[in-house]
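> Heads up, here are the entries from Swiss-Prot:
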type    : residues                                                                       : note
BINDING : Ser106, Glu317, Arg319, Thr342, Lys372                                         : xylitol binding site
BINDING : Ser106, Ser111, Gly114, Thr118, Gly119, Thr120, His121, Val169, Arg319, His369 : FAD binding site
DOMAIN  : 12-179                                                                         : domain 'FAD-binding PCMH-type'
MOD_RES : His46                                                                          : pros-8alpha-FAD histidine
Amino acid sequence: MSTAVTNWAGNITYTAKEVHRPATAEELADVVARSAWGACAGAAGHSFNEIADPGPDGVLLRLDALPAETDVDTTARTVRVGGGVRYAELARVVHAHGLALPNMASLPHISVAGSVATGTHGSGVTNGPLAAPVREVELVTADGSQVRIAPGERRFGGAVTSLGALGVVTALTLDLEPAFEVGQHLFTELPLRGLDFETVAAAGYSVSLFTDWREPGFRQVWLKRRTDQELPDFPWARPATVALHPVPGMPAENCTQQFGVPGPWHERLPHFRAEFTPSSGAELQSEYLLPRAHALDALDAVDRIRDTVAPVLQTCEVRTVAPDEQWLGPSHGRDTVALHFTWVKDTEAVLPVVRRLEEALDAFDPRPHWGKVFTTSAAALRARYPRLADFRALARELDPSGKFTNTFLRDLLDG
């Protein structure tokens with residue numbers, strides 16, 4: 001009999017023949033070795049599609065019971081983090097040692113391993129995705145053996161943003177830097193017309209633009225400045241006079257400190273407080289990453305269909321990402337602008353809009369976030385990743401029987 005487990009948003013039901021929550025790496029390796037096929041790992045469940053669905057005959061591996069390892073080496077400035085650890089937990093430990101991650105995503109409650117495996121990112125023209133600091137990957141492969149992959153090896157380009165296709169990540173080693181403080185400055189009513197996107201995007205260490213596409217412009221700008229940088233000069237919009245939430249009408253107390261008040265990096269780079277624990281999300285999410293040189297044209301394309309987009313949209317966030325070296329990284333090989341859409345939780349209403357949005361953006365070579373809602377065909381995805389053939393070969397090398405290849409991955413790799 002299959003067991004049903006839902007994701008965080010509740011829009012996907014994972015049907016698995018078995019669900020295991022191993023408590024040790026040895027127990028995990030034993031479960032993997034005994035599994036016939038369809039082994040998929042999940043920790044925080046923050047994906048919005050079937051990327052982690054093993055199917056009715058497969059095995060779902062929940063990693064949240066594994067030891068919450070966060071071993072900091074202050075001399076090497078690295079941290080070894082277990083496969084089930086979330087960023088909020090990791091950040092507190094790292095900061096206590098006087099060190100920092102270079103960037104974080106908007107939500108600190110997501111797992112480290114799942115985030116880097118799907119290409120998740122924060123913002124900043126000089127900041128790479130969350131996979132960028134990874135310096136070693138530890139995997140349990142199909143036969144239950146442990147494999148370590150580090151930079152300099154031919155396999156490393158496919159090992160971090162791996163979509164779960166190579167094995168189950170038991171630990172990652174990440175590079176760190178000295179701890180720093182950040183002030184978060186919010187502005188309102190930034191016009192789209194006449195926007196100098198490059199200047200705006202580079203105005204802070206991390207910059208996010210928010211709109212609901214009901215008007216041609218941005219209702220909010222979140223500018224995060226390291227305190228060792230100059231105060232932001234941002235004459236294009238008005239400073240916010242009240243605390244804000246990215247979604248209009250939502251309580252701002254859930255968000256990290258605003259008004260430029262300096263604070264530790266891990267309490268400012270995310271948009272949401274770690275102590276605010278979200279329950280199942282009343283939302284769906286999509287995101288498209290495309291060359292930053294096309295940012296204004298892409299925004300104009302969305303603006304032209306805003307009457308279609310706005311009725312099912314909660315908020316849209318525009319961010320930037322530096323180029324990524326991972327073969328399946330959505331910002332692989334290019335300076336990137338990322339257009340993120342938080343939809344209402346109504347799949348039937350949202351999917352037609354997603355299709356229309358993808359048509360509007362198609363000319364700009366968009367790559368959808370691997371873990372969010374999209375309708376882009378597997379054939380189109382293969383054409384947008386020049387190293388996908390190398391990744392396919394690596395997956396077959398480490399998992400020759402396809403034990404970790406579910407329907408989502410089979411369509412992508414074997415089509």
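A Cβ is built for glycine as well, from the same backbone N, Cα and C atoms used for every other residue.
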> Considering only the recorded positions His46, Ser106, Glu317, Arg319, Lys372, which fall within 10 Å of His121 (FAD binding site) when distances are taken between Cα atoms?
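Cα filter at 10 Å returns Ser106, Arg319.
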> With every protein chain in view, what's the tally of Cβ atoms within 10 Å of the Cβ of His121 (FAD binding site), excluding that atom itself?
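The answer is 31 other Cβ atoms.
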> DSSP on Ser106 (xylitol binding site), three-state: which is it?
coil
> Need the DSSP three-state call for Gly119 (FAD binding site) to compare against my parser.
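It is coil.
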> Far apart in sequence but close in space: which same-chain residues, 6 or more away, have a Cβ under 8 Å from Lys372 (xylitol binding site)?
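Same-chain residues close to Lys372 (xylitol binding site) (Cβ under 8 Å, separated by 6 or more) are Ser47, Phe48, Asn49, Gln285, Ser286, Glu287.
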> Out of His46, Gly114, Gly119, which of these recorded positions is nearest Thr342 (xylitol binding site) by C-alpha distance?
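Ranked by Cα distance from Thr342 (xylitol binding site), first place goes to His46.
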> Taking only the Cα atoms, work out how far Glu317 (xylitol binding site) lies from His46 (pros-8alpha-FAD histidine), in Å, as a whole number.
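Glu317 (xylitol binding site) and His46 (pros-8alpha-FAD histidine) have their Cα atoms 18 Å apart.
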> Here's one to test understanding: among the recorded positions His46, Ser106, Arg319, whose C-alpha is closest in space to the C-alpha of Gly114 (FAD binding site)?
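In terms of Cα distance, Gly114 (FAD binding site) lies closest to His46.
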> Take the mean position of the Cβ atoms of Ser106, Glu317, Arg319, Thr342, Lys372, the recorded xylitol site. Which other residues of that chain put their Cβ within 8 Å of it?
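Other same-chain residues with Cβ inside the cutoff are Gln285, Glu287, Cys316, Ala338, His340, Phe341.
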